[in-house]
Amino acid sequence: MIRIKLLKYFSSTINQADRQNFNKIQDWWSVGGSMAPLYSYNHLRVQFIHEILNRPQKGKSLAGLHSLDVGVGGGILSESLRRLGSKVTGIDVSENSIETAIQHKNTDPELNDSDLEYKLISIEELSKNQEKQFDIITAMEVIEHVENLPLFIESLGKLLKPDGKLFISSINKSYESYLKLIIGAEYIARVVPQGTHDWNNFKTPEQVWLQLNKQKINIDVLRGVEYNLLNGEMKYSNNETQYIMACSKQKME
Amino acid sequence: MQIYDVCIIGAGPVGLSLAAALQKSKQLNKVLILDSIKKPKFNKQGLPNQRVLSVTQSSREVLQSVGAWDKLEQGRVNPYNRMIIDESNGQDYLEFKNQQAHIIEYDNIVNALLEVYDGEIEFESKLEKIELKPNEYVTVNDKFQCKLLIGSDGNKSKVKECSNIGTYGHSYHQMGIVCTVERTDQDSEVAYQTYLSNGCPLALLPLYNPYSSIVWTAYMDDYKYLMSLSDEEFLKVLNSQLGRYAPRIKSISNKRMAFPLQSLQAQRYIQKRIALIGDAAHSNHPMAGQGMNMGINDAALLANCIIKNSRSGNDIGLEQSLEEYESQAKLMNYTTSIAMELIKNTYENKTISPLRQLGAKIINNLDPIKQIMIQYGSKHPLGPSQFEWVK
Ligand SMILES: Cc1cc2nc3c(=O)[nH]c(=O)nc-3n(C[C@H](O)[C@H](O)[C@H](O)COP(=O)(O)OP(=O)(O)OC[C@H]3O[C@@H](n4cnc5c(N)ncnc54)[C@H](O)[C@@H]3O)c2cc1C
């Protein structure tokens with residue numbers, strides 16, 4: 001039902017080819033699986049979020065906040081945010097991702113409440129229906145799979161509280177990213193399934209900045225990140241082939 | 001049912017080190033330790049205990065980081081800085097200096113760790129049964145649940161058995177005989193290891209003056225014979241077998257105890273909601289006295305892993321979260337085991353006698369092996385580079 005509604009939607013942020021690809025991913029949570037690098041990236045993401053919010057990373061450090069995780073994938077980040085005390089709404093446009101995330105949430109009895117909910121819905125649909133705004137919005141490794149970036153960012157802006165924080169991470173559109181991610185990660189090292197990325201759809205931080213600016217959102221911090229093939233850990237880097245950013249709304253005078 | 005974050009089975013030095021590190025991090029809410037034995041009592045004035053451990057610099061750092069080192073009965077902590085290895089059949093000997101290791105009684109370490117750990121602990125409480133159903137935590141003894149169950153319950157690990165984790169390895173068909181002896185000299189700074197004519201090592205480890213601890217590796221026949229002797233007879237045999245460089249022994253201070261020697265490795269150190277550390281995961285020839293040190297290293301690596309994942313909001317019982325511990329610990333333990341087998345075989349090689357004669361020379365010239373042996377006493381390069389619980 002929801003699916004038909006999504007397809008009908010005229011100007012959509014959904015990239016159908018990528019959505020089909022995500023529907024095929026079976027190993028979001030398997031050990032040593034193709035999505036394992038994401039699991040290790042999670043440490044850095046969560047650390048980054050805490051640094052920006054200026055909260056010590058201890059215990060239920062995100063209690064009292066409501067987060068929106070856009071593009072949940074298997075639910076890695078959504079689960080984390082919930083365990084750290086935040087209420088979490090996770091959305092995705094891939095049926096497979098939402099099903100995987102729900103199934104996995106059930107493996108941890110601690111998550112078995114309505115404070116972590118998953119929805120199969122696009123960001124623009126959610127922004128139309130939901131009058132509530134969020135303290136934290138995360139869109140990690142999503143915009144490279146998104147059509148119509150202006151609409152996507154506009155919808156994020158609508159859903160972010162005036163003093164909320166928006167986190168975006170993605171892959172730069174550069175020759176280096178072509179070599180590193182498409183050739184290197186997908187074809188040579190095979191740490192990421194082939195066809196996961198469409199380089200033409202990658203966005204540079206400048207492209208993202210332009211759209212954020214239109215919505216009166218500032219980029220507060222922008223950092224390069226890098227996957228270390230040797231120890232499998234993500235770390236900050238001077239190289240912005242992959243980047244993570246923290247944004248907030250411009251203050252109205 | 002009561003739910004714990006972590007439940008640790010086995011309050012030996014390894015399980016307690018982990019518990020102390022987790023508690024120090026203040027990252028987890030509820031940790032529980034179970035042990036089947038009575039709460040151990042350490043008599044600070046009593047005669048030394050048979051069971052002693054050689055504590056390396058790396059293990060010492062872990063014990064310091066949780067505050068246990070200062071709680072040790074300091075008069076019974078003996079630093080030694082030299083080890084002399086010789087053969088009863090050969091002329092050569094090896095000498096290692098600056099080992100920076102300490103010989104400490106098992107009970108002293110356990111007691112110090114119990115003093116710093118003030119979380120929940122139940123003695124005389126045995127692990128009988130665990131149950132793991134999909135979409136649930138582990139149920140222990142039908143009584144409570146935990147997100148992660150740790151087996152630090154020694155080489156007959158019930159946790160390993162219950163989780164159907166296989167073991168590979170072999171028995172050496174040898175026993176380690178231990179007891180405490182009184183030396184004729186007052187030099188507590190040198191440890192001695194003599195390879196007897198059958199290739200078995202006999203170690204004399206200096207405890208606080210005037211005591212030393214012996215660890216005698218013996219084949220089954222010799223073991224039965226040595227255990228059957230009276231103290232006076234045993235003393236005579238011991239003095240006749242100790243190497244040229246070792247001091248003579250005045251008297252035997254306590255009862256001889258023995259334990260089987262084996263080289264065992266658990267097939268996996270982890271499984272969903274399960275992790276094995278210390279002797280439960282691996283046990284080695286005690287020749288280099290590495291049993292506990294490898295275990296303390298496991299405890300440090302696993303504590304790092306649990307704390308890191310908990311801080312990131314990951315499920316600490318998930319295999320993905322535990323994987324880092326397993327790969328790091330196996331790397332360290334395998335290299336140590338292989339090095340020890342190499343050394344053992346060099347000395348036990350009976351078929352190629354010229355080689356055996358040259359045993360010490362070979363090791364002296366094989367730099368990598370010597371390096372590894374020196375590291376036994378000092379800091380291990382594969383150990384954790386930082387402790388997450390002191391951040
Ligand atoms: C007599 C003896 C002498 C030794 N001498 C030396 C030596 O000289 N040098 C050396 O390096 N190593 C020596 N070792 C080995 C060394 O003691 C171990 O490597 C080290 O103690 C390992 O520590 P651990 O904490 O992993 O296990 P352990 O110290 O074995 O502790 C395991 C704990 O688990 C508990 N436990 C077991 N099963 C259960 C259950 N089902 N439920 C609840 N609790 C349970 C036990 O009561 C015990 O307290 C010796 C061992 C023995 C037995």
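Just so you know, glycine gets a Cβ as well, placed from its N, Cα and C.
Some features that TrEMBL has for this protein:
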BINDING   A:ARG45, A:GLY71, A:ASP92, A:MET140  S-adenosyl-L-methionine binding site
BINDING   A:GLU141, A:GLU144, A:HIS145  Mg(2+) binding site
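Apart from the site residues A:GLU141, A:GLU144, A:HIS145, the chain places the Cβ of A:ASP18, A:GLY71, A:VAL142, A:ILE143, A:VAL146, A:SER170, A:ILE171, A:HIS197, A:ASN201 no farther than 8 Å from the centroid of the site's Cβ atoms, the recorded Mg(2+) location.
A:GLU141 (Mg(2+) binding site) carries neither a helix nor a strand DSSP state and counts as coil. Non-local contacts of A:GLU144 (Mg(2+) binding site) by the CB criterion (under 8 A, 6+ apart in sequence, same chain) comprise A:SER170, A:ILE171, A:HIS197, A:ASP198, A:ASN201, A:PHE202, A:LYS203.
Between the C-alpha atoms of A:HIS145 (Mg(2+) binding site) and A:ASP92 (S-adenosyl-L-methionine binding site), the distance comes to 12 Å. It is 8 Å from the Cα atom of A:GLY71 (S-adenosyl-L-methionine binding site) to that of A:GLU141 (Mg(2+) binding site). A:ASP92 (S-adenosyl-L-methionine binding site) carries a strand DSSP state (E or B). Just so you know, the Cβ of A:HIS145 (Mg(2+) binding site) picks up 23 other Cβ atoms within 10 Å once every protein chain is counted. Here the binding-site residues are A:ASP92, A:GLU141, and the one with the most other Cβ atoms within 10 Å of its Cβ is A:ASP92. A:ASP92 (S-adenosyl-L-methionine binding site) sits 12 Å from A:GLU141 (Mg(2+) binding site), taking the C-alpha atoms as the reference points. A:MET140 (S-adenosyl-L-methionine binding site) is surrounded by 23 other CB atoms, counting those within 10 A of its CB over all protein chains shown. Shown in sequence order, A:LEU77, A:THR138, A:MET140, A:PHE167, A:SER169, A:ILE244 are the residues of the chain, 6+ apart in sequence, with a C-beta less than 8 angstroms from the C-beta of A:ARG45 (S-adenosyl-L-methionine binding site). Within 10 Å of the C-beta atom of A:GLY71 (S-adenosyl-L-methionine binding site) sit 21 other C-beta atoms, taking all shown protein chains into account.
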